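The annotation active site, proton donor/acceptor is assigned in TrEMBL to Lys94. TrEMBL lists Gly192, Leu193, Gly194, His195, Val196, Gly197 with the feature NAD(+) binding site.
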Amino acid sequence: MNAPLSRRPTQSAPVSLFDHPDFDSHEQVMHGFDAATGLRTVIAIHDTRLGPALGGCRMWAYANDAEAETDALRLSRGMTYKNALAGLDLGGGKAVIIGDARTQKTPELLRAFGRHVDRLGGRYITAEDVGMTCADMDIIATQTAHVRGTSANGLGDPSPYTALGVFTGIKAALAHRFGSDDLTARTVCVQGLGHVGMMVARNLHEAGAKLLVADIHTPSVEKAVSEFSATAVAADRAHAAVADVFAPCALGAGLNDATIPELGAPIVAGAANNQLAEARHGTMLRERGVLYAPDYAINAGGAISIALARPGGDDSAARDKTLAIGTTLLDIFQRADALDLSTQEVADQIARERLDGR
Ligand SMILES: NC(=O)c1ccc[n+]([C@@H]2O[C@H](COP(=O)([O-])OP(=O)(O)OC[C@H]3O[C@@H](n4cnc5c(N)ncnc54)[C@H](O)[C@@H]3O)[C@@H](O)[C@H]2O)c1
């Protein structure tokens, strides 16, 4: 038997679930434990009105149980909105496993997790997220049918679909702002050249855009400079680079009180999750005349590919739905102008309308 995961290192003051600041009428929150493997998991089902709750499982070395629960509550709610806005007949859920994926993930632990997922009877469907791989999904699939992204029924890495959605979203934003989605005379600053950002940069380069690129990982910058004739900019100043589009593809909370006044582009459209540090920053962007593509709208391609994967690798449904992100964004931009609301507020509104069956 493998060593159980360590007990929680710190104990924070207990907060009742229903009083938790991130509790948002979640339908069900399950805490799962397995004595043999030391598995500690929180599975949050936010909303199943549109269908079973699909959302990845994240394995992370949370400092304590409260941090894990907070993440599960927030991420599951985000999946409800992302799936609803993407037009998927799926609700929102998320699982977290407390532990270091590099040192504490074992097949026994994954099987124990799979049994917990199975006990939910299909109300929650799990998939890959941070700290998890396709091979892990295969192990979980030995215990439950309620898993996506396995090698038998998956399209592999979701990043190319996320990148395709972001590329499509950038073109929609250009069309709305400038009346043309032609990229040949446009400059895009891509911040973060990881799985998604590098592919977005490649797509943009192939469409004729001039690229500015930034990453804290120098070899990635060198690759983009050499392969896409990109110009490197300092990672901490990418938001201020003068361009037509700023595409954040690294970390969240990059749009905040400090960066928004310094933005060098009239459009922000990128893959990063949770780009707005706070909801009010959506309004701040609008007041400054910056067109913002809401993160969960533009980066839904990966979720779509997981949801619509077909045995045999047929990805036509996933590609079609990912390309529809452009139309969704144009609708958001137009409604935001008509109602004088932030694009984030409009995206939330459209998702809620679908959830409420309106
Ligand atoms: N992979 C997907 O399909 C997917 C789907 C939806 C959303 N997202 C979001 O998109 C973003 C990128 O995802 P990914 O899978 O490409 O991640 P990744 O870890 O492969 O890439 C992130 C890149 O950002 C760089 N980076 C980190 N901090 C930086 C900084 N301060 N300045 C500049 N660069 C920095 C890293 O060096 C890395 O190259 C994340 O926010 C992720 O949550 C990804």
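One-based numbering along the chain as shown.
For all residues, glycine too, the Cβ spot is worked out from N, Cα and C.
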>> Taking 8 Å from the centroid of the Cβ atoms of Gly192, Leu193, Gly194, His195, Val196, Gly197 as the cut-off, which other residues in that chain fall inside it around the NAD(+) site?
In response: Ser159, Val190, Met198, Met199, Val200, Asp215, Ser220, Cys249, Ala250, Ala271
> Relative to the Cβ position of His195 (NAD(+) binding site), how many further Cβ atoms are located within 10 Å?
Replying inline: 16
>> Can you tell me how many other Cβ atoms are located within 10 Å of the Cβ belonging to Val196 (NAD(+) binding site)?
In response: 29
